[in-house]
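> Copying in the features that TrEMBL gives for the protein in this structure:
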{"type": "TRANSMEM", "residues": "12-33", "note": "transmembrane segment"}
{"type": "TRANSMEM", "residues": "45-63", "note": "transmembrane segment"}
{"type": "TRANSMEM", "residues": "70-95", "note": "transmembrane segment"}
{"type": "TRANSMEM", "residues": "118-139", "note": "transmembrane segment"}
{"type": "TRANSMEM", "residues": "151-169", "note": "transmembrane segment"}
{"type": "TRANSMEM", "residues": "175-197", "note": "transmembrane segment"}
{"type": "TRANSMEM", "residues": "218-243", "note": "transmembrane segment"}
{"type": "TRANSMEM", "residues": "249-271", "note": "transmembrane segment"}
{"type": "TRANSMEM", "residues": "291-310", "note": "transmembrane segment"}
Amino acid sequence: MLNFEKIKNNRIIPAILLAVFFGGFFSFMIIGGNSQGKFGEISRLISYIMLSIIFIYICFELFNSFGLGLYYSLFLSCLCSVAFAFPMITISNFIDYEIDAGTSYGMKNIIELIFRDFWSVIIMFLISLSYFFIKIFTVENVSYKNLTIKATVLFITLYFLMIASKQLIYSSTSAWKYLILFFAVSISCDMFGYFGGKYFGHKFFKNKFAPSISPKKTWEGAISAYLMSFIILSSTIFTLNLFNSNIGIQIFANITLPMFAIMGDLSFSAIKRMNSTKDFSKILLGHGGILDRYDSISFVFFFGFLMYFVA
């Protein structure tokens, strides 16, 4: 039997507070990001600084889950902010409000610049390599095979988080409708996946959804998450005629983005399981760490803006 009082105290109330805080922040980011004059410039600068701090913190949570100490995690997280700043031309154009669909620095051009930027990749590779050598010199009887796998997973994860975070901040000007849509998909997937599993878990399917990765996840929860995300996508994409009216991309995005949201959740659950940790941190009461909420968001933004670029 469900303990509704426990769910309310541990999940619903923290979720509401979380939604109010981040809803306010992203509203400020979008409104300020699309404003002219000094107010717009200052708003975009504040948004960039705040998102950089959030990015540093989620990297800190990630390094911490990989068993690095406080100082190593903090140092490598700050290095990640350097990769976040590249290509630097995007920062100046963002603050000066030159990232507009009608200019040479439109969102599609920004996406291309982000993916073609090799300096960020090199920095993230060196950071992952640093993790490898830190573990070699600080852990006795280390398994080189397991350590190589972990360093590779760390590099890929950092790359995904970096790309998604850049797409998030720069989309607040010329592609803010997609920013809202991708967040709505990720949040609805998490929310209805949780409550679908709580209310209907094992009533239709006796087998677990992903027992080796996340034993608590059920097929009912996954189906609820997919269907609600699918409905939100359908109503928004076709109503607003997003993805440049490209019907093929619209249908493809509608079908696959809920899958990517679920894949993001499972991928970060696999990382936690690999590192024998339950949550990335305890900063969000009842919701783990910020990275626990950023998992599906990173996948939806990463693949969603690839579709935006193709369209």
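Each Cβ is built from the backbone N, Cα and C atoms, and glycine gets one as well.
Whatever TrEMBL says is automated annotation, not expert-curated.
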> Between the transmembrane segment (249-271) and the transmembrane segment (175-197), are there at least three Cβ pairs closer than 8 Å, leaving out pairs fewer than 6 positions apart?
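Since 3 or more Cβ pairs under 8 Å link them, the transmembrane segment (249-271) and the transmembrane segment (175-197) do come into contact.
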> Using a Cβ distance cut-off of under 8 Å, indicate which of 45-63, 151-169, 175-197, 291-310 has the most pairs with the transmembrane segment (118-139).
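Comparing 45-63, 151-169, 175-197, 291-310: 151-169 has the most Cβ pairs near the transmembrane segment (118-139).
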